[in-house]
Amino acid sequence: DGRVKIGHYILGDTLGVGTFGKRREIQNLKLFRHPHIIKLYQVISTPSDIFMVMEYVSGGELFDYICKNGRLDEKESRRLFQQILSGVDYCHRHMVVHRDLKPENVLLDAHMNAKIADFGLSNMMSDGEFLRTSCGSPNYAAPEVISGRLYAGPEVDIWSSGVILYALLCGTLPFDDDHVPTLFKKICDGIFYTPQYLNPSVISLLKHMLQVDPMKRATIKDIREHEWFKQDLPKYLFPEDPSYSXTMIDDEALKQDPLAVAYHLIIDNRDFYLATSPPDSFLDDHHLTRVPFLVAETPRDELNPQKXKHQGVRKAKXHLGIRQLDYEXKVVNPYYLRVRRKKMSLQLYQVDSRTYLLDFRSIDDXIDAEAQGKSSEASLTXSVT
């Protein structure tokens, strides 16, 4: 029918054209997995082009949203800014500075959640090294960038984030002029208009983020500790343990590129509660009070406010046994428990109406025993009442 097919994908209409989709952006994005950063699933290279299969978000650019709707209310501005800063913090923790943060590079999904995109100007940071490249959009660029001075990297993203916050709250830019030299002077002076309707608390945050001297400029730590920013802050944005991930990833599967693409597409697009999960009525059965359903607060819960949440039930003592054996478990539904790190099988026996016997059996031990012609009945059992 005349359509072009690349790998498993059929090309549709061209939505836009960019000039920085090169190897650096590909290397950066393929490493990233964060709820507020656009995901790169796959890269297909041809002699003339590089095709990047990326996450689709339907809400368009934050810039277009502000132009159409004007300034956002303080609560909504804070929610989006918290999400953006969480993504920026993730970049910096992985030694990447974006360098071109602006509303045009922040996309919105179907639930009005922010997604940072376009890492074409990003740069990998190294300890002790400074950058000099003047890049990014002038209205959002920090004074040290437009003046050609050396900069470490993270501080320029803080400045740009401050400009985005101002745009969210005011619907305009803090520094703007059609005459570029005049615009640069305004940025280097660091003086901007603060409307009377702005909360004094957020004004203090803006002034700290838009500090001309990068040494005095707010850090992510400063912003996170600011009273205005901490209001209604979702826990998942800045977990206490940065290594924590709500998704348990099979490293072996990710080594296979086609499997990796399918794996992440399924994880990112499924409903958090699987189709195999029992209806709410199942959770009312007193026999299941010993078998917990997954009820931990997760990014997906926070990002989809319309999703009905299940009521929690009491955790079973079996979880203590699994942890004691150094296993990691994930409850898919009340009758399906996934365990990783050591290959093992679990079987649940009902002893009577109130007692169950949970049988842990090592698959490897069973295979070895069968190979030696021995009985494979040895197992670890735990009584659950």
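Cβ coordinates are placed from backbone N, Cα and C, and glycine is handled just like the others.
Per Swiss-Prot, these features apply:
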ACT_SITE  Asp100  active site, proton acceptor
BINDING   Leu15, Gly16, Val17, Gly18, Thr19, Phe20, Gly21, Lys22  ATP binding site
DOMAIN    1-229  domain 'Protein kinase'
MOD_RES   Thr14  phosphothreonine
MOD_RES   Thr133  phosphothreonine
MOD_RES   Thr219  phosphothreonine
MOD_RES   Thr276  phosphothreonine
MOD_RES   Ser277  phosphoserine
MOD_RES   Ser281  phosphoserine
MOD_RES   Thr289  phosphothreonine
MOD_RES   Thr298  phosphothreonine
MOD_RES   Ser353  phosphoserine
MOD_RES   Ser383  phosphoserine
REGION    252-297  region 'AIS'
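Cβ neighbour count for Thr219 (phosphothreonine) (all protein chains, 10 Å cutoff from its Cβ): 14. In the three-state DSSP scheme, Thr219 (phosphothreonine) falls into the coil class. Asp100 (active site, proton acceptor): 21 other CB atoms within 10 A of its CB, across all protein chains. Around the Cβ of Ser353 (phosphoserine), 7 further Cβ atoms fall within 10 Å across all displayed protein chains. Look at Ser353 (phosphoserine): DSSP puts it in coil. Classification of Asp100 (active site, proton acceptor) by DSSP places it in coil, neither helical nor stranded.
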